[in-house]
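K.L.:
Under the heading domain 'LCN-type CS-alpha/beta', Swiss-Prot lists 2-64, citing sequence analysis as support. Here Swiss-Prot flags 12-63, 16-36, 22-46, 26-48 as disulfide bond, drawing on experimental evidence. Look at Swiss-Prot and you will find 65 tagged as phenylalanine amide, backed by experimental evidence.
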């Protein structure tokens, strides 16, 4: 797994306010844990710890929402 911003299918981050929301989202996707990274590169977004390689992550380029 890797530590990364989990992405929606369109390469968009999951915006957040609470750590609990991100922890639920990340663990449902197989990560060890997750939290809401405030004021990060893509604003307030969910960041997952040890997320499985099969789960998409935010990469360079635009978010096509």
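Glycine is no exception: its Cβ is also placed from the backbone N, Cα and C atoms.
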K.L.:
Could you tell me which of these disulfide-bonded residues, 12, 16, 63, has the fewest other Cβ atoms within 10 Å of its Cβ?
P.N.:
63
K.L.:
Neighbour count, 10 Å Cβ-Cβ cut-off, for residue 26 (disulfide bond): what number do you get?
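P.N.:
The answer is 23 other Cβ atoms.
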K.L.:
Checking the disulfide-bonded residues 12, 16, 22, 36, 63, which are within 10 Å of residue 48 (disulfide bond) at the Cα level?
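P.N.:
Final answer, ordered: 22, 36.
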K.L.:
Looking at the domain 'LCN-type CS-alpha/beta' (2-64) alone, can you tell me the average pLDDT?
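P.N.:
The average pLDDT of the model in the domain 'LCN-type CS-alpha/beta' (2-64) works out to 97.
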K.L.:
For residue 26 (disulfide bond), name the DSSP secondary structure in the helix/strand/coil scheme.
P.N.:
helix
K.L.:
Tell me which of the disulfide-bonded residues 22, 36 sits in the most Cβ-dense spot, judged by other Cβ atoms within 10 Å.
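P.N.:
Top count of Cβ atoms within 10 Å goes to 22.
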K.L.:
Of 16, 36, 63, which disulfide-bonded residues come within 10 Å of residue 46 (disulfide bond), going by C-alpha to C-alpha distance?
P.N.:
16, 36
